[in-house]
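Colleague: For reference, TrEMBL lists these features for the protein:
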TRANSMEM  B:21-44  transmembrane segment
DOMAIN    B:27-184  domain 'Cytochrome c assembly protein'
TRANSMEM  B:56-83  transmembrane segment
TRANSMEM  B:90-115  transmembrane segment
TRANSMEM  B:127-146  transmembrane segment
TRANSMEM  B:158-181  transmembrane segment
TRANSMEM  B:201-221  transmembrane segment
Amino acid sequence: MHFSSFSDFIAMGGYGFFVWLAFGVSIVAMLMIIGESLYQRKSLKHYVHDEVKRKARIAAMKDKQRSEQEA
Amino acid sequence: MWKWLHPYAKTEEAYKLSQTLLPWFGISALIALVAGFAWGLLFAPADYQQGDSFRIIYIHVPSALMSMGAYSAMAIAAFIGLVWQIRPAFMTMIAIAPVGAVVTFVALFTGAAWGKPMWGTWWVWDARLTSELILLFLYLGVIALYKSFDDKQQAGKAAGVMAIVGVVNLPIIHFSVEWWNTLHQGATISKFAKPSIATEMLWPLLISLFGMAMYIGYVTLLRLQNEIIRREAHRPWVIALMREDKE
């Protein structure tokens, strides 16, 4: 272990602000793109489900119209 | 010889393969990045000139190197897409672009946060910094060009040409510290020479570098799957798949 105490570790020999700024912003940015990808996946899932339902509705409507015309 | 590759030209097979690979990339990225950062921040000795500020190297160098690595991968995918007309190739290209842009941003930002205490400025318009900024714009350009076409095969071709042309920037970034006068220091790790860094400092750097590569792979696979689902949304296998893992 290079540092003797936790406050030493946070201070980073006086460069704490720059070191933690660099690591903090980077890690947040790297996690944000993962979050965005997972959110995209979720909305795609909804989109696929909605499309299936929409197709089913259209098919049902066409069936209904056909049977009404035949009657 | 390359026949084993052919099934992956089908999106369904490509999706299955990415599903198998995804957890491996994710787990190794997490372990390597946590280990590399912790080792670099806690255990590596301080630099004799730069003190503890040099610890920014453990995120700066991996992100800067991998921003160029990801760009090469993106350009290779674009080339495969253009030459052999393999659809998952363009999908891979557009999956890499956003994570490549993020990693390039990380390289630029950590460089700025390192430059302020060491050079006394967040930014200078010198060759290394400017060419890396152009790399960020190339990534954003590929994304923007791809988004501006409704026909995604057409979009892939246009963005692919841009990605390939942009490769010219990679040697410029790499050699910028030798060709021009710059504030930026020379290469720390090079293929052709012994690394100019002590072993106790080198190991955590290599581990973070590996972790960064795995991270890019993980996000790429995640986004490749998204792209496949988006493009094949009406295929029965996608519908079945989406029904299967409905939360």
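Just so it is clear, glycine is given a Cβ too, placed from its N, Cα and C backbone atoms.
What's the neighbourhood like for each of these?
Modeller: Long-range neighbours of the transmembrane segment (B:56-83) within the same chain, counting only residues 6 or more positions beyond its ends whose Cβ lies under 8 Å from a Cβ of the stretch, are 36-37, 40-41, 44, 89-90, 92-93, 96-97, 99-100, 103-104, 106-107, 110-111, 113-114, 132, 135, 138-139, 142, 156-157, 159-161, 163-164, 166-167, 169-170, 173-174, 188-189, 201, 204-205, 208-209, 211-213, 216.
Residues 11, 14, 53, 56-57, 59-60, 63-64, 66-67, 70-71, 73-74, 77-78, 81, 121-124, 129, 132-133, 135-136, 139-140, 142-143, 146, 152-153, 155-157, 159-160, 163, 183, 212, 215-216, 219-224, 226-228, 231 of the same chain sit 6 or more residues outside the transmembrane segment (B:90-115) yet have a Cβ under 8 Å from a Cβ within it.
Distant neighbours of the transmembrane segment (B:201-221): 18, 21-22, 25-26, 28-37, 39-40, 43-45, 47, 57-59, 61-63, 65-66, 69-70, 92, 95-96, 98-100, 103, 188-189, 195; these residues of the same chain sit at least 6 beyond its ends, with a Cβ under 8 Å from one of its Cβ atoms.
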Colleague: Mean pLDDT for the domain 'Cytochrome c assembly protein' (B:27-184), rounded to an integer?
Modeller: 93
